[in-house]
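Q: I'd like to ask you about the structure that follows.
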Amino acid sequence: MSMDKKPPLTLYLAAPRGFCAGVDRAIKIVEMALQKWGAPVYVRHEIVHNKFVVDSLRDKGAVFVEELDECPTDRPVIFSAHGVPKAVPAEAKRREMVYVDATCPLVSKVHVEAERHHAAGLQMVMIGHAGHPEVLGTMGQLPEGEVLLVETVEDVAGITPRDPARLAFITQTTLSVDDTAAIVVALNTRFPAIVGPAKEDICYATTNRQASVKAIAGRIDALFVIGAPNSSNSRRLVEVGSAAGCAYSQLVMRADQIDWRAIEGARAVGVTAGASAPEVLVDEVVDAFRDRYEVTVELVETARENVEFKVPRVLREA
Ligand code: SF4
């Protein structure tokens, strides 16, 4: 470290940030399963989209796989917070495996909505990102062809529903609130009879994290979102930061990914973390700034969260 006087910098810490109740519960489920059954415990897909979290659970004895057929039948398997197509637990049952479903209850709520509309004879439109595990899981609640996926306003014009008067929509939980609102308008305009939730299915954690980024975006020269490239809610935070006026909005997994040259001359920087990024990584980033700047931290809290989800009974009894 240089002995020169460090330049001053205000670090705006967005709140809420980081772990949501669904991520917290999913991690607890893996830890409690390891306590109950010992290692190895198999986990289908990254339990949450964060390498740091996945690596630390792997160190404790979790084995991450992509598909059920990679798991031995005599070890427990956990399904990730994003949810799974119906066929997955059905197959686990058929193979007589012990499994624990760590699907976030707010994702399960969307699954139930989809099933309810399907039972009423409506075809579904899902607003979400193709290929994301949550979207695969939600679409996999209904038979093939029953869920039409739209990612953008433009996609709305391209879908051909069975009966435009018998439609309902659902959304991925981690979308951009503003982009989704525009897609919902497009759906309502093209299909006036479409049924849906009051606004969308975007969860409280996604909504709150985006609102806190909007609150700081106008005051900062740069925004760092701590999160993984495959984390939908983290990537949306970067987009929200740019759209709300912070041109240099970057996703970083750890402090070592910060491009210090790119923010030379910055005097105000914002930091937040996606719903699957642990607070220890926020501390790491703040410390990296303290190494280089005379930092004043300003907490900008736009909401308080006190949501907590119970772990499944089989583990509570452990
Ligand atoms: S981001 Fe929302 S839906 Fe996803 S795990 Fe967290 S609370 Fe659940």
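From the backbone N, Cα and C atoms, a Cβ is placed for every residue, glycine too.
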Q: In TrEMBL, the isopentenyl diphosphate site includes His82, His132, Ser231, Ser232, Asn233, Ser276. Which of His49, His111 does it also list there?
A: His49
Q: Do you know which of the binding-site residues Cys104, Cys203, Ser231 end up with C-beta under 6 Å from ligand 1?
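A: Checking each Cβ against ligand 1, the ones under 6 Å are Cys104, Cys203.
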Q: Starting from the Cβ centroid of His49, His82, His132, Thr173, Ser231, Ser232, Asn233, Ser276, the recorded (2E)-4-hydroxy-3-methylbut-2-enyl diphosphate site, name every other residue in that chain with its Cβ within 8 Å, sequence order please.
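A: Not counting the recorded site residues, we get Val48, Pro133, Glu134, Thr174, Asn230, Ser234, Gly274, Ala275.
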Q: Do you see any of the recorded positions Cys20, Cys104, Glu134, Thr173 whose C-alpha is within 10 Å of Asn233 (isopentenyl diphosphate binding site), and which ones?
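A: Qualifying among Cys20, Cys104, Glu134, Thr173: Thr173.
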Q: List the Cα distance (Å, whole number) between Glu134 (active site, proton donor) and His82 (isopentenyl diphosphate binding site).
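A: About 5 Å separate the Cα atoms of these two residues.
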Q: Enumerate same-chain residues with a sequence separation of six or more from Cys104 ([4Fe-4S] cluster binding site) and a Cβ-Cβ distance below 8 A; give 'none' if the list is empty.
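A: Residues satisfying the criterion: Cys20, Ala21, Gly22, Val23, Arg25, Ala26, Ala81, His82, Gly83, Thr173, Cys203, Phe309.
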Q: Mind checking which of His49, His82, His132 has the fewest other CB atoms within 10 A of its CB? They're the binding-site residues.
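A: If we count Cβ atoms within 10 Å for the binding-site residues His49, His82, His132, the smallest count is at His132.
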Q: Which one of the binding-site residues (Thr173, Asn233, Ser276) has its C-beta surrounded by the most other C-beta atoms within 10 angstroms?
A: Ser276
